[in-house]
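Here is the structure we will look at, set down as structure tokens.
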Amino acid sequence: MGGNRRGATGSDKDFTFVSSVVKYLLFFFNLIFWVISLVMVAVGVYARTVKYAEATLASLSVDPAVMLMVVGVLMFLITFCGCVGSLRENICLLQTFCISLVVIFIIQLAAGVLGFIFSNKAREKVTEVINDAIVHYRDDVDLQNLIDFGQEEFRCCGATTYLDWSNNIYFDCNQSNPSRERCSVPFSCCILSRNESVVNTMCGQGMQEREFGEAGKEIHTNGCIDMLVDFIHSNMFILGGIALGLAIPELVGMFLSQILINQIKDQIELQQYNLKHSADPWN
């Protein structure tokens, strides 16, 4: 700052390097995500306590309710540092907030790169998750609705083929299976015609006993993995834009916090300079 420093006389006592715009913009920015984190924790707790007894999504290797709570708590702590740090002009809290965002951004970037490099491994893992979900299809209504939505949306059936539904005890095509749904597939696998006035809800009955070409006239025979991969490839720019949109708040938080940190450091230097020269008769 050198010889351009302002003295502590007159109106210069009220001078500050800290911009109120940057300070409160960073505060409200963190406040929004702080509230979102509370909602995430509340939803996670609800899903864990109320729905856990019903084994919701029990087939997944990682409990989504626990994951939601963990992410919510981490987000709460990080945004708390941002809120308090900006209001109190605390460099330590602001640096913690900024470093946390940098680490999260690097992790997300690394995960994207690793997912692209090890796409086959990722495909195998997703296939395993879907097959596990098929096994527990009838165990919980929410899981059933989620699978049905995915199959209807992507016009697919099973993980890799419609025969994957034999992994479920109700749809198992084994001759010893006493279920009335033996060798069938869920209604969400069916090909629906808009011209039909009456919907045949039993269209998936016995489809696993039919050949691929014959079954393809009534149901979607392609697995959801292939359809999901095709969807990703055909919407690469849109998904990239979404990923960029998720990264923008992190970059904004890093940018604002770093600006505020530099302003606070300049203000501290100014105060130290004024304190050092407060007794200077030439000041």
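Backbone N, Cα and C define each Cβ position, glycine as well.
Panel annotation: around the transmembrane segment (21-46), residues 65-69, 71-73, 75-76, 79-80, 82-83, 86-87, 89, 97, 249, 252-253, 256-257, 259-260, 263 of the same chain, lying at least six beyond its termini, place a Cβ under 8 Å from a Cβ of the stretch. The annotation transmembrane segment is assigned in TrEMBL to 21-46 (among others).
The feature transmembrane segment is assigned by TrEMBL to 66-85 (among others).
Tertiary neighbourhood of the transmembrane segment (97-118): same-chain residues 30, 78-79, 81-82, 85, 243, 246-247, 250-251, 253-254, 257-258, 261, selected by CB-CB distance under 8 Å and a gap of 6+ residues from either end. Per TrEMBL, the feature transmembrane segment maps to 97-118 (among others).
Annotated disulfide bond per TrEMBL: Cys156-Cys189 (among others), in sequence order. Proximity of Cys189 (disulfide bond) to non-local residues of its own chain (separation of 6 or more, Cβ distance below 8 Å) is seen for Gln151, Cys156, Cys157, Gly158, Tyr162, Trp165, Gly204, Met207, Ile219, His220, given in sequence order.
Summarising the annotation, TrEMBL assigns disulfide bond to Cys157-Cys173 (among others). Packing around Cys157 (disulfide bond) is summarised by its Cβ count: 29 other Cβ atoms lie within 10 angstroms of its Cβ, all protein chains included.
Distant neighbours of the transmembrane segment (236-256): 22, 25-26, 29-30, 33, 82, 97-98, 101-102, 104-105, 108, 112; these residues of the same chain sit at least 6 beyond its ends, with a Cβ under 8 Å from one of its Cβ atoms. Sequence annotations record features per position, and here TrEMBL assigns transmembrane segment to 236-256 (among others).
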### Message
Please identify, from the disulfide-bonded residues Cys156, Cys173, the residue with the sparsest Cβ neighbourhood, meaning fewest other Cβ atoms within 10 angstroms.
### Response
Cys173
